[in-house]
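Copying in the features that Swiss-Prot gives for the protein in this structure:
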type	residues	note
DOMAIN	8-79	domain 'KRAB'
ZN_FING	197-219	zinc finger
ZN_FING	225-247	zinc finger
ZN_FING	253-275	zinc finger
ZN_FING	281-303	zinc finger
ZN_FING	309-331	zinc finger
ZN_FING	337-359	zinc finger
ZN_FING	365-387	zinc finger
ZN_FING	393-415	zinc finger
ZN_FING	421-443	zinc finger
ZN_FING	449-471	zinc finger
ZN_FING	477-499	zinc finger
CROSSLNK	516	SUMO2 cross-link
């Protein structure tokens, strides 16, 4: 039986750079690369990938290039003899470290694991086997550092157990969470899962502290790694490192149509469909064609109703994983997209793009009728109804239609009697927030509307508008009976009562009684005209 069948080996998760790509990385990025390699190795080790048969050769002993041509498989930094896993602190780890070029170190220098502090033996020279006694005890409480000498030694104390990031340069202090293996029983207990790390949030248990620490980021929403090229944040350094290849890697496959380049040929092939219009995937249910298989698969769920992705927090189901990931940010509070102008964070990239138009002043949506420009497509859609007269929102109670949904919601309170806005001073309730704001000025005495002519201030805008007619001489309300004009509509209404009373008296045909009361009518007429002129 093949013991390696179905296993994930280090080669499967390794990330490689060409010499040119390696040259583009700064010191922090190179250290991060080492961090990622250590994380991957620690994870594989925790799964038992290198604790098999005695004669099984560690995959890393075959060697691999990390962008420095002098350091290759033909020149291994450790002994080429096979080393049993129980005799070292993890042979694959040594090969990784010795192949990473440290900034400021000559390519011929190498990086080794320092076992002097770990296992109380002197530093070994290049090519010598590193071994330990039977009664080894890792000292988890010590502070270790990177030794810069002819050979570079990196302490990987408890490398299988601790997160790789804590071992890179210097342990910050005693790791009380992780206990040393005092004897064989302790080591076996850890491997059998008896000493687990339990998550206090969801109750999950982990045998590897690295996995435990990484898991906790799901609950905290922590994204420690920020790309200084595009501002994206990443939860795990491995994902961050993979993303950075987008900026540093060569794009050798170029589209002849638009000049766009791609890292992989299959991506170029997919892209070409944009120009050719090819849509090879057809839906048998509705006959629609799709450019990409992933889009086709998602579309089919519309017909089947399948929602295979479930949110563990609220139990909601989603058609695709990307929608689930976006939804989960509601629970975690994660906002991975940052605006470089104002520092604001956003949950979705589409929201960031919309927001950035505030800074750029971009208004990409133009009305084809009047030429007005809008920042958002939704604003253009609403504006378009001014030209079409469309009123898509209809009240089910009275049949009245409205142009905007918010107007329908406001209107429906007339039927329901709902008055959701309460004055904290007098307890009065109002149907609309605007009415509450106006009412509040009765308590505060605020008069925000001032007349530019005389300086008089008013609490409501409509009172100011009527007042300004005194200065302008405008009399927009005219009596149809006698053509007299008035400043306010209320004045016209009162005036029109004079004419209605006259008609009433005439219709009664009281004869001489009309002659007896002209004075009273004249006085009333005079009084009304005096008041409302």
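Note: Cβ is positioned from N, Cα and C throughout, glycine not excepted.
Can you walk me through where each of these features ends up in the structure?
If you take every residue in the domain 'KRAB' (8-79) and average the pLDDT, you get 55.
Secondary structure by DSSP for the zinc finger (225-247): 11 helix, 4 strand, 8 coil.
Packing against the zinc finger (253-275) from elsewhere in the chain are residues 245-246, 291-292: each is 6 or more residues past its ends and has a CB under 8 Å from a CB in it.
Sequence-distant contacts of the zinc finger (281-303), counting only residues of its own chain at least 6 positions beyond either end whose CB sits under 8 Å from a CB of the stretch, comprise 270, 273-274, 319-320.
Each residue of the zinc finger (365-387) gets a DSSP state, and the totals for helix, strand and coil are 11 helix, 4 strand, 8 coil.
Same-chain residues lying 6 or more positions outside the zinc finger (393-415) and placing a CB less than 8 Å from one of its CB atoms are 382, 385-386, 431-432.
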Give the nonlocal contacts of the zinc finger (449-471) in its own chain as ranges (CB under 8 Å, at least six residues past its ends).
438, 441-442, 487-488
Between the stretches 225-247, 309-331, 337-359, 365-387, 421-443, which one has more Cβ pairs under 8 Å with the zinc finger (197-219) than any other?
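Per the Cβ count, the answer is 225-247.
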Please determine whether the zinc finger (337-359) and the zinc finger (225-247) are in contact (criterion: at least three Cβ-Cβ distances under 8 Å, sequence separation 6 or more).
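In contact, yes.
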What same-chain residues lie close to the zinc finger (225-247): Cβ under 8 Å, and 6 or more beyond its ends?
13, 15, 17, 21, 29, 32-33, 35-36, 39-40, 165, 214, 217-218, 263, 336-338, 340
Please indicate, using numbers and ranges, the residues of the same chain that are 6 or more beyond the zinc finger (309-331) and have a C-beta under 8 Å from a C-beta there.
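For the zinc finger (309-331), the nonlocal Cβ contacts are 202, 221, 298, 301-302, 347-348.
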